[in-house]
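Colleague: I am attaching a structure below and will ask some questions about it afterwards.
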Amino acid sequence: MSIKPEATTSVDSAKIKTVSKQLLSAYKEQQGKLYQTQRQQIQRHREQILTKDQRLTGTLFNLLHKTVPTYESPRSQEITLDSIDLETIYSGVDEQLKKDLKFPHGDIPYDYVDCLVKELLRWYKNDFFKWVNQPETTEEQGPAKLVRVEQSNHQEQTDGKASITEVYITEKSKETIRFPRFNDPVKLLTWRQGRCGEWVNCFLLILRSLNIRARYVWNAEDHVWCEYFSPALNTWVHLDSCEESMNQPEIYCENWGKAMSYCIAVGFDCGVVDVSDKYITKQDKQLPRNKMSENQLKQLINLLNFEYMKDWEFDPKIFGLMVEANYEKLYCKRAKQGAAALHEQTVGRQSGDKEWTQARGEGGSS
C-alpha cells in the first residue's frame, strides 16, 4: 500500500516542528545557564566595574533609572494625549497608508505603526516643536547675545526640572533674557522649543503615550536621538525628530560628517545597549573609545542590565531581548551596504544655524 505524498509531507512537517521545539528549548536552557553564570561573575566584580569611568557610568545609570522611567508615567501619558492634535495626526496616518511605503534593504512594506511614526515625525517637526538657536527678540530689542550659562534658579528647576540656564543680553535694549534648558517632558509639551535634548525628550513621551516601543539614544559627542521598534522589520529603527529623519542611522557620519565615539541606547523594556556600530558607519569618523576598555564597557552594560532586570523572567522576556539584539546586528549589517546613497547628499545638519553646526563638526561631510 502506497503512502500519499501529502501524508508524508504532513508527517515530516510534524517531526520538524517537534525537533525544532526541542532544539529551541535546549538552546534556551543553555542560554539561561550562561546568563546566570555571567550575572554571578559580574556581581562579584561590581565595585571594580563601577569605578572605571564614573562620568559614563553615572550618565547611563541616570538615563536608565531617572530619564527613561519618566516616559512611563500614566499621568504624564494622559496629559500628553490631551496636549497633541490626535485628529490631525491620525488623518495624516491615513494618508501615509495610501502611499504604499516600503523600507529599503528588503522592500518590506510599512505597517500601521511605521506610518504612525512617520506622520508623528512630520507633524512634530513642522507643526508642534520649534528649534531655538537663541531667543526671539523684537527689532527694538535687537539680537540676543549669549553672555553666560549658569545653574537654573529654584523657579526654573520647579517649573521644568531645568539644571542649566542660558543667559542672553539684547544688543539694543540691554534686556536680560533667560533660556532654561528644561528636562521635564511634560513641561516641554507646553514650552515646545529647544535643541536636540528638548526635542527628543518630548518626542519620546509622545511615542510612549501612543504605546509605541521607543528608546533613548545617547551620543558622547553632544547629540541625542531615539529609536522605535518596528513590528514590520522586527527590529529597532532610527529616529531623529530634529531632522524629521527615519531609518537613516548613517545620516550622522555620511551626511553631517560627524565623528563619534559612543552611541548607547537606553529603554524602559530593553535596558542598555551599545549601538555604536549601527551609527558610526565610516572608519574615519570613529573617535577613540578610551573611557574604558571594550571589555570593561561590556561588563558595565551587563552589570547595569543585570541589576535593572533582576526581577525579570529569563524566558520569555530576557531571552526575547537577546533574539532582538542578534537580529538587529544582522539587519544593520545589511543596511550599511546602502549607506553610500546618502553619502551623495552631503548637505549637513538641517537643524541649527550654520555657525553652530560647523562648530560641532556637523555641517556636512568633506
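Note that Cβ sites are derived from N, Cα and C of the backbone, with glycine treated the same way.
Keep in mind the model is a prediction, meaning the values are calculated, not measured.
In case it helps, TrEMBL gives these features for our protein:
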- 188-243: domain 'Transglutaminase-like' (DOMAIN)
- 343-366: region 'Disordered' (REGION)
Colleague: Note the mean pLDDT of the domain 'Transglutaminase-like' (188-243), expressed as a whole number.
Modeller: 97
Colleague: Just to be sure I understand, if DSSP states are collapsed into helix, strand and coil, how many residues of the domain 'Transglutaminase-like' (188-243) fall in each?
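Modeller: Each residue of the domain 'Transglutaminase-like' (188-243) counted once, the result is 18 helix, 22 strand, 16 coil.
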